[in-house]
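Contents: one structure, followed by commentary.
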């Protein structure tokens, strides 16, 4: 069976539809997306194997998912640290950051030194709307993610990868291969280049929406907001 | 140790604070509250013991928590039916209802006949802001909940109970004793009259807020959004 993925264009249309006819608010979707991300981290990094997690957040929705995930991780007992150099001015993002500050979660500006005092990393820099080139200050961050021996969990896409084509042919990100990836709602075409453990999250899609966008709602178990698949998205 | 509970007045002030200085949106809080409710139902009513759940929703926030819980329950594999006779005109509630309609969850108007074809019930009629008298059409609904042999899970308060004083001294609700209760963020004083299984939910409160309002954040386990306590709220 052919792998069903969502192109960048289809993912953007789906998001738009969820928030219009689907009647979801962005607050609600981001809360559920971030919750999914936190569940992947909980599953792949048991608390007693290292509770320090560095969450690298980009300027858009992917970064927002990271902020929500960090809050849930803090409540689970992890010690998150946030790198969020290009803060969005939108009200929602400011509120998500404030919620973390109220939990005494530190925000740091020096990524290389933060890397030295964490056990694992969440890459919430760029998601399905990324295209073109990696802007400052992120090239050095992605290079550091590429070179670190610490495990990285990428949200929706390994940052710098083209959503359709996968890793860039050369330069920053070309050898970035995170250990873990969570695809939100459905895998994007880039998963054909992914070699780590892959999860799907976002247990809020109705069967009719999935049918319209021609992807499968995975078989979530119990209360899980995530399900593990093969690296490229097939049922295990 | 004295039991720490939140009076109706303190609960209202806490809600207001979470949404102002706490920086939460109502969409976000309601999503997390409803998620907690769904986890209680999942824990006390295993799917293979009866998947039909009738969710009775009141006109305010308690009803909104019920709508969110119903959506999560539908995704877990339950078959919810919604009784929601006094729909709020606010945008949020209309959206929560639409999300259920998109999952083909039926809304029914005849409560007694809906009771005949369900396995258990969620009482999301009135929460901590209830006081005074039960208005139409809810007296008959609460009487039916009082008389049914089916298990009822109440959200934040057994509907019709006074938040401070517990069950009314006479009339509708005076002998209402639900099997299950989930207190959101903290138990209300009425729990001293409650005799069933009690849970606390809402894993989003910061230690500083809890301290300010003089209640304990319970020790949630793993990814759980709920924790079981004694009927009156003490640690088990």
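Glycine residues also receive a Cβ, built from the backbone N, Cα and C atoms like all the rest.
When the candidates A:25, A:90, A:159 are compared with the K(+) site entry in TrEMBL, which names A:62, A:123, the shared residue is A:159. What TrEMBL records for the (6S)-NADPHX site is A:61, A:62, A:63, A:64, A:65, A:127, A:128, A:129, A:130, A:131, A:132, A:133, and among A:102, A:104, A:156 the residue it adds there is A:156. Comparing residue A:159 (K(+) binding site) with residue A:128 ((6S)-NADPHX binding site), their Cα atoms are 9 Å apart once rounded. Recorded residues residue A:61 ((6S)-NADPHX binding site) and residue A:123 (K(+) binding site) have their alpha carbons 13 Å apart, per Cα-Cα distance.
Confidence for the domain 'YjeF N-terminal' (A:11-217), expressed as mean pLDDT, is 97. Counted over all residue pairs in A:61, A:62, A:63, A:64, A:65, A:127, A:128, A:129, A:130, A:131, A:132, A:133, A:156, the record's binders of (6S)-NADPHX, the longest Cα to Cα distance measures 21 angstrom. With a cut-off of 8 Å between CB atoms and residues at least 6 apart in sequence, the same chain places A:62, A:65, A:127, A:128, A:182, A:183, A:184, A:188 near residue A:156 ((6S)-NADPHX binding site), listed in sequence order. Residue A:123 (K(+) binding site) and residue A:130 ((6S)-NADPHX binding site) are 14 Å apart (CA-CA, integer value).
Secondary structure at residue A:159 (K(+) binding site), as computed by DSSP, is coil.
A helical conformation is recorded for residue A:63 ((6S)-NADPHX binding site) in the three-state DSSP classification.
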